[in-house]
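Colleague: Pasting a structure below so you can have a look.
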Amino acid sequence: MAEKRNIFLIGPMGAGKSTIGRHLAEQLHMEFFDSDHEIERRSGADIGWVFDVEGEEGFRIREEKVIGDLSEQQGIVLATGGGAIKSRETRNKLSARGIVVYLETTIEKQLARTQRDKRRPLLQTEEPPREVLERLAQERNALYEEVADFVIQTDDQSAKVVANQIVKLIGM
């Protein structure tokens, strides 16, 4: 039997990477990982604490290591953090080690999906959330597109429907 390829989900916070990833892994009988949860597991601290103590740079170093380690496995679905693609090394590893699916969403949907979530350090600032999300989109959207094998709009679809679309797109 051929080895199952890895599937890496990228995109902004609130795009549905973790929820869609769980559905996708279940459907394909693959193991699911969320890079943020793995960082928390390995560090013994939540993402907010890592950001507070080590700053975004310290968090990104941890994220790069976790994604590097996880992407060496075979047959996994990995939901990455929204900023993971900022690292060229991470982008290269994702491209080389699996199928990269960019889950695209609008700022409006991101706001609706993240407004009550206190576990998103980049939104816990004085800057209004809309401005933060718009700035992040400007910084990151081209990087998502650069590394993506496929792009799927998640706005008005359930996680299960998006997971089904991914299965059809990648032919697994």
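Every residue gets a Cβ built from N, Cα and C, even glycine.
If you look up Swiss-Prot, you'll see G14, A15, G16, K17, S18, T19, R120, Q157 marked as ATP binding site, on the strength of sequence analysis. Residues or ranges marked as Mg(2+) binding site in Swiss-Prot (evidence: sequence analysis): S18. The substrate binding site annotation in Swiss-Prot covers D36, R60, G82, R140, and the record cites sequence analysis as its basis.
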Colleague: Please find, for D36, R60, G82, R140 as listed binding substrate, the greatest distance between any two Cα atoms, in Å.
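Modeller: Looking at D36, R60, G82, R140 as a set, their Cα atoms extend up to 18 Å apart.
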Colleague: Hey, does DSSP put G82 (substrate binding site) in a helix, a strand, or just coil?
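Modeller: In the DSSP reduction, G82 (substrate binding site) maps to coil.
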Colleague: Which whole-number value in Å describes the distance between the Cα atoms of G14 (ATP binding site) and G82 (substrate binding site)?
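Modeller: Checking the Cα atoms of G14 (ATP binding site) and G82 (substrate binding site) gives a distance of 9 Å.
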Colleague: Other than D36, R60, G82, R140 themselves, what residues in this chain have Cβ atoms within 8 Å of the centroid of the substrate site's Cβ atoms?
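Modeller: Neighbours within 8 Å of the Cβ centroid, excluding D36, R60, G82, R140: M13, E63, T80, G81, G83, A84, I85, K86.
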Colleague: Taking the Cα atoms as reference points, how far is K17 (ATP binding site) from R60 (substrate binding site) in Å?
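Modeller: Here the two Cα atoms lie 18 Å apart.
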Colleague: I'd like to confirm something. Which of the binding-site residues, S18, T19, Q157, has a Cα closest to the Cα of D36 (substrate binding site)?
Modeller: S18
